[in-house]
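> My structure is below; once you've seen it, I'll send some questions.
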Amino acid sequence: MAGLCRIRRPHLLFSNSFKQLLNIWTHNNILIQTPFTKHNLSPFSSTPTSQKPINSLSPISIDDSRIVDRLVHIFTKPLDSSKSQELDELGSKITTFIVEFVLRKLRNWRIAHLFFNWASNLKGYRHNCHTFNLMAECLSGARQIDLMRVLANDVVKFQCYFTPRGLGFFIRCLGNQGLVKEANELFDQMKKSCLCVPNCFTYNCLLDAVSKAGDVGLIELRLKEMCSYGWELDKYAYTPVLQCYCNAGNFENALVVFNEMHKKGLVDAHVLSILLVSFSKWGKVDKAFELVERIEDLNISLNEKTCFVLIHGFVREGKTDKALQLLDKMKNLGFVLDISVYGVLIEELSRNKEIEKAMQLYEDMIVSGVHPDIKILSDLMSCVREERDMIRIVEGRYESLDLKARMLLYNSVLKGLINNGSTDKAYHLLSASTGLDSGDDFNEDNIFPMKELACPNTISFEIVIDGLCRVDRLEVALNLFRDMDHIGCKRSVLLYNNLIDFLSRACRLNECYELLDEMKQSEFQPTHYTYNSIFGCLCRQGDDAGGLAMVREMRVHGHQPWIKYYTLLMKKLCKDGQVVKASNFLADMVQEGFLPDVVGYSAVIDGLVKIKQLDEALNLFRGICSRGYCPDVVAYNIMINGLCKAKRVPEAQNLLDEMMDKGLIPSVVTYNSLIDGWCKNGDVDRAISYLTRMNVKEREPNVITYTTLIDGLCNAGKPSDAISLLVKMEANGCSPNRITFMALISGLCKCRKPDDALIYLQEMERKDMKPDPSIYIVLIDAFIKNMNPNEACDLLQKVVHDESLQDLNIKSRPILKEAIRSLSADPMTSSHVKILLEEGHLTALCNVCEIG
């Protein structure tokens, strides 16, 4: 028990419900002596170990044996009216004893049910619990759920008395078919009508039925009833409760039950397996392994089946290391490991590229005398990187395989060589196996050694040709494809598709069309992949005419053009300034019967917006709805951004309201566009309101949001608000970037606050952010206008002596020229400017004619 407590302390695990059950049992076991104890109720054992009904049959008399044989003979033959008189005679002699014998001899459930119903309708005859149980066993075995329900109702309807053990058996038959509700209702009805006085065996059977449904509430209720009668809970009561908690994933209570069973010495291999398998099933791999580690303390041995289930569960949860540790335990316990255990472990190790472990397990497998199947060999071949390991796998195995398995292994070798980067070796091996000339000199000793070469099939060529294409050896791949005719190897759609795809990527359209025509003339029909590979090439080239022709051909054959390709065509045409062509292409697609995706329309709308054809873009946007699409957030964002940039902000606002009415959620991009639009429209207060709106809608403002607003506030003459917003921005965890600082510096200069602007320039420099040279010119100009020529001159000298700051844009040069003139005329700075002029720095900087 000490080991178990290290899994989890039992007293910390007891749920209130289970604690109460234990307390009730302890109290009643001492104080209550009811007439329902197992000692007074039944002579039968309380252990529900047998699935067979109680054998109540005594030796049969000769006369009864004749009746049984006649009834079996009559009911196993087609019934007709000629048998009615004999059946009437036999019916008058029928007894439950005879019915039991007949039911045992009838092997077909339909015949047995027919006979059972015939006997039920005989005057003066009543079934007993044994005949009902025999019929229940028959129907349950045949999974006749509806008939089982009817049979359960008949038990109560005909007021049939049952022994406690007999009722337990019937309930288990119901439970085995998932009829838990019916089993529970039958139990209550039999008890209430005094047709049976249940004992602990009956209750244990009911608990077993309920456990299969995982109904925790019901099983706790029944357990409470048992405890109230003073019965001590045994292994057969605890086990279904444990199973129920495990099925429901309630491991806290499951461990309470397990610990209680352990304390009473009731834990065996079966009980342990229930908990372990459930841990594994619910992904509690660590808990399962912890319990496995404590097995020695529990003095219990795991069985092979449980270990196999655990290993599969560990692998499924990605705990291969735990699975391997359990495998070692199994070896130490002397278990004989089968191929399925090795297979699942090698497959997982191969998938994870744990080559050394996979090969070690393979070697252990060989030493143990377990012969790997082709699946294991193929898995290993897919992961090994060294050719010597591939040879180890093949050697000694190839000759023992049948033709189909050899072919699979051969193809695995080809795939393994290609995966390892040895495409040439795979190509030469295939060529040597088919007797084809590989076209270059190579040493046959370097070919992958296989004592008996297989006859390659289509899959072999698919593997090698695909490998050649991926290493840009398209010509060799095409030659190999053509050589398939010489050896009589059948081609495939996959081969055609792969070659057409790689040719289209290489923009070799003529050869693509040749292969397409070849497919049409052969038995292979081009697929949507075939057509779209060529269509994609046409779209990448911006060939709208060729693309439309391919779309028309695809329509004839019932294929859809891929969205990503015609969207690419739309973007390329728009980028090349051919927006009208792009728009016409979409219209032609509609005319051909295809409804382009909203992504394609969005690309054209974006193109129209960029060339400032907003009305045409808006018309196309409105046309999307008429074609059965609801524009998405991206499409709305394109239009809203375009309208805002064109200062048609109220229309953009209307689109925002429209998208929200349709249930679309605006993105940060949506709000940023409108904030920028209102700022540029001079309504910064409206822009600020969108910042509040974003917070309400849980849309986190980004650096673009804050930068736009800071620029807008400065342009509106509100520099203090701009600085406050920067502080708020940093407080909200959004770090300002160089664009933010430059917007603030430029804005503060416009507001005649160059001293504040200089502070933020210095902060930029401290953060290793490099401002544009134009920022220095703006600051110089602002200091001059603010009657502070000394600061302006200091900044000028900094620009002059830092080459990285001398790449001025055209807009900055006239401002600098005017600033130099002003500083040269100012007595406080003229001498400094004169020195700079004499050194020639200013002439080169301004790239203008000589000043002064």
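Our numbering is plain: 1 for the first residue shown, then up by one each step along the chain.
Any Cβ shown, glycine's included, is placed from N, Cα and C.
Note that the structure is predicted; figures quoted are calculated from it, not measured.
Got these off TrEMBL a minute ago, pasting:
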- 180-310: domain 'PROP1-like PPR' (DOMAIN)
- 234-268: repeat 'PPR' (REPEAT)
- 303-337: repeat 'PPR' (REPEAT)
- 338-372: repeat 'PPR' (REPEAT)
- 457-491: repeat 'PPR' (REPEAT)
- 492-526: repeat 'PPR' (REPEAT)
- 527-561: repeat 'PPR' (REPEAT)
- 562-596: repeat 'PPR' (REPEAT)
- 597-631: repeat 'PPR' (REPEAT)
- 632-666: repeat 'PPR' (REPEAT)
- 667-701: repeat 'PPR' (REPEAT)
- 702-736: repeat 'PPR' (REPEAT)
- 737-771: repeat 'PPR' (REPEAT)
> What same-chain residues lie close to the repeat 'PPR' (597-631): Cβ under 8 Å, and 6 or more beyond its ends?
563, 566-567, 570-571, 573-575, 577, 579, 582-583, 586, 590, 638-639, 641-643, 646, 648, 659, 662
> By a Cβ-Cβ criterion of under 8 Å, what residues six or more beyond either terminus of the repeat 'PPR' (667-701) are in contact with it?
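The answer is 633, 636-637, 640-641, 643-645, 647, 649, 652-653, 656, 659, 708-709, 711-713, 715-716, 718, 729, 732, 734.
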> For the repeat 'PPR' (562-596), find every same-chain residue at least 6 residues outside the stretch whose CB is under 8 Å from a CB in it, and list them.
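Sequence-remote neighbours of the repeat 'PPR' (562-596) are 532, 535-536, 538-540, 542, 544, 547-548, 551-552, 555, 603-604, 606-608, 610-611, 613, 616, 620, 627-629.
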> Mind checking which residues of the chain, 6+ beyond the ends of the repeat 'PPR' (338-372), have their Cβ under 8 Å from one of its Cβ atoms?
308, 311-312, 315, 320, 323-324, 327, 379-380, 382-385, 389, 392-393, 397, 400
> Grab the pLDDT values for the repeat 'PPR' (457-491) and give me their mean, rounded.
92
